[in-house]
Amino acid sequence: MVYPRCRLKKEKGGVPVIGWMYRMVWESIWIFSFMVPVLWMWQTVFAGKYTPKTHRIGLWLFAFYMAGLVAVTGVFRLLFMKPVFAPYFNFELFIDIFACPLQYLLNFFLFVPMGFLVPLLWKQYRAEKYVLLFGFGTSFAIEVLQMFCGRTTDVDDLLMNTLGALIGYWMFLAAERQTSFCLLRRNKTAEAGVAVSRAFQTLAYEN
């Protein structure tokens, strides 16, 4: 669950979702700050000169996205609190879709970048089954961890997260086809598209 269910309305004293989003941004930056030295060391010591520069930039973007994912889902708080196993389960599909439609949209869009970035950055994971497995596995792990931090474990979240990853993958395929088409063009008006296409393709790195 991304946001406490059915609280996406105006409440006394302001709009809670605005304050929630503001807090998520700062928590994402805070989590990312701890990831920076680890990623920098890995790229410097282990990857070295064999990693294309564009791929390194892509990894930084993916790391920041994952920091945001950890912040939004609230599972990082388990590091600073005593885990309490007090789960609340919902196994009924779309039980609150009319009462809290924004909740479903947030869970959907939260995983779209994952479905796009995973096949973009790693060639060996460009099959649809790998992206679906990565999206489903990540969402499932989050739902399990949320049982220990006072959040709802919801089948709707699992479904919307996985669907978001799938749509992100389809967006990657569409972008890949478009960039491949640009590389085939040889007129001056396509030069900008060719440059973008080559940068897009060099983001991928098979390791």
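Using the three backbone atoms N, Cα and C, a Cβ is placed for every residue, glycine included.
Note that the coordinates shown come from a computational prediction; the quantities given were computed from them, not determined experimentally.
Feature annotations, reproduced from TrEMBL:
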- 38-173: domain 'VanZ-like' (DOMAIN)
- 29-47: transmembrane segment (TRANSMEM)
- 59-81: transmembrane segment (TRANSMEM)
- 93-118: transmembrane segment (TRANSMEM)
- 130-146: transmembrane segment (TRANSMEM)
- 158-175: transmembrane segment (TRANSMEM)
Long-range environment of the transmembrane segment (93-118) - Cβ separation under 8 angstroms, sequence gap at least 6: 1-3, 5-6, 8, 17, 58, 61-62, 65, 69, 72, 125, 130-131, 134-135, 138-139, 155-157, 159-172, 175
Sequence-remote partners of the transmembrane segment (29-47) [C-beta within less than 8 Å, at least six residues beyond its ends]: 56, 59-60, 63-64, 66-67, 70-71, 76, 207
Per-region confidence, the domain 'VanZ-like' (38-173) (mean pLDDT, whole number): 85
Secondary structure content of the domain 'VanZ-like' (38-173), with strand meaning DSSP E or B: 102 helix, 6 strand, 28 coil
